[in-house]
Amino acid sequence: LNLSVCFSSRELFSPSQKYQLLVYHADSLFHDKEYRNAVSKYTMALQQKKALSKTSKVRPSTGNAASTPQSQSLPSEIEVKYKMAECYTMLKQDKDAIAILDGIPSRQRTPKINMMLANLYKKAGQERSSVTSYKEVLRQCPLALDAILGLLSLSVKGAEVASMTINVIQSIPNLDWLSVWIKAYAFVHTGDNTRAINTICSLEKKSLLRDNVDLLGSLADLYFRAGDNKNSILKFEQAQMLDPYLIKGMDVYGYLLAREGRLEDVENLGCRLFNISDQHAEPWVVSGCHSFYSKRYSRALYLGAKAIQLNSNSVQALLLKGAALRNMGRVQEAIIHFREAIRLAPCRLDCYEGLIECYLASNSIREAMVMANNVYKTLGANAQTLTLLATVCLEDPVTQEKAKTLLDKALTQRPDYIKAVVKKAELLSREQKYEDGIALLRNALANQSDCVLHRILGDFLVAVNEYQEAMDQYSIALSLDPNDQKSLEGMQKMEKEESPTDATQEEDVDDMEGSGEEGDLEGSDSEAAQWADQEQWFGMQ
């Protein structure tokens, strides 16, 4: 209404007031998420400001004292351009956002403008420009931790980044932890998970950073990357207890719970996150994990797509959608998502695992082997990369011996690494070395309990006719994951094999007792008929 009055009557509002009205109207549109309309009004405001600047230059400078307060209260032109860039990013028009911010002279760029530019350049793959902008942020704000992380993620050396903060560290008391913090995250971004974990653990012991939620979240993520799911879940739980409104990292936490078969906990976590905010990717990913591990792949696909829509840089959302597509037989589409995940997180092994599984699903063993070898060379010879390479070697009869050697190396480094134990057990099963397999699995289960390991041990025990203990192992597996179909099938198969023997024994007993038990037999027939009726009723449900 004010805008209509403003432009229909030139005398009612001054040019500066018209500029203010346009900016305020654009701000309100921005907060109502009408981003295209907001851009239009911001553009009009900038044009009005340009006209205002021309008239102020032409007009003689009389009565400056009266005009100065009004000019000082006008919205900043730079701030208007920043808001326009925000609109463009929300509309996923990053090139337009970069163009509007690039138009601001370097000397007039505030730290938040340089930060936005750095993130946009990084997303667009313009690494050199991104590094320059991050460094400019640090020059203006030496304690900007996000800028430090941005530089480290672009392979800038930790020592170089630390040198940009050294003056502040020396001038402010109790800031000596910062250099260790930079060192820790330099290890994170080079994929050296072990040293990163040790360095962050040393930081966490310091009184100033004890029970720090961000550090606990980073530790949880690092344990996850290192394949130590038990400690990862533990750290996520600690962080969640300290901050009940924590969202960051909860997508990984939900995924780990889902993998362990704790679907009720996953469902509760998803509900809690949705109550906090539905504008983040994490709640949608957690709900997607629940659907995926409940074998509702179409729903998991939808939830993954929704998460990506909210945050196109969500690695966990890309992995969820990729896995759903793969299980639905849409392998080529899945490959695209796993490749994007690798681009965003080149140090995360699970991204490569997803892509290799797609190659194996489409019988592209050669491509899988090339990728596994690249991962082995890039991320180093650790238990995870050795196991990944062995997994591909197991698919080719020619490379079975190589797979065995790789798995032995992996288990020498980490005897408790579950994926390596599972693959070694698979190899021993092929060779019918069941006793060796049982020994391997018992050793792995000595200090941990895992559904898959208990189930495989049950399979091996069946192979050597240890039926009672096999049944016990299947029961333990189902207690850990009630949805584990293979354990349930193993148990049902054993029950079916035992039932004919039991029936024969009952017939022998009846023959021995003779015809004197005829009344009881009639009673048994009546009882059996009742059970048959009940079974028929259940079958109809």
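Glycine residues also receive a Cβ, built from the backbone N, Cα and C atoms like all the rest.
The region 'Disordered' annotation in TrEMBL covers 53-72 (among others).
The repeat 'TPR' annotation in TrEMBL covers 315-348 (among others). Within the same chain, residues 188-191, 225, 251-252, 255, 281-282, 284-285, 288-289, 292, 297-298, 300-301, 303-305, 307-308, 354-355, 357-359, 361-362, 378-379 sit at least 6 positions outside the repeat 'TPR' (315-348) and bring their C-beta atoms closer than 8 Å to a C-beta of that stretch.
Look at TrEMBL and you will find 451-484 (among others) tagged as repeat 'TPR'. Mean pLDDT for the repeat 'TPR' (451-484) in this predicted model: 90.
Here TrEMBL flags 489-541 (among others) as region 'Disordered'.
The annotation compositional bias 'Basic and acidic residues' is assigned in TrEMBL to 489-499. Remote same-chain partners of the compositional bias 'Basic and acidic residues' (489-499), defined as residues 6 or more beyond its termini with a Cβ less than 8 Å from a stretch Cβ, comprise 455, 458-459, 462, 467, 470-471, 474-475, 478.
Among the features that TrEMBL reports, compositional bias 'Acidic residues' is placed at 504-525.
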Secondary structure tally of the compositional bias 'Basic and acidic residues' (489-499) (DSSP, helix then strand then coil): 11 helix, 0 strand, 0 coil
Composition by DSSP (helix, strand, coil) of residues within the repeat 'TPR' (451-484): 27 helix, 0 strand, 7 coil
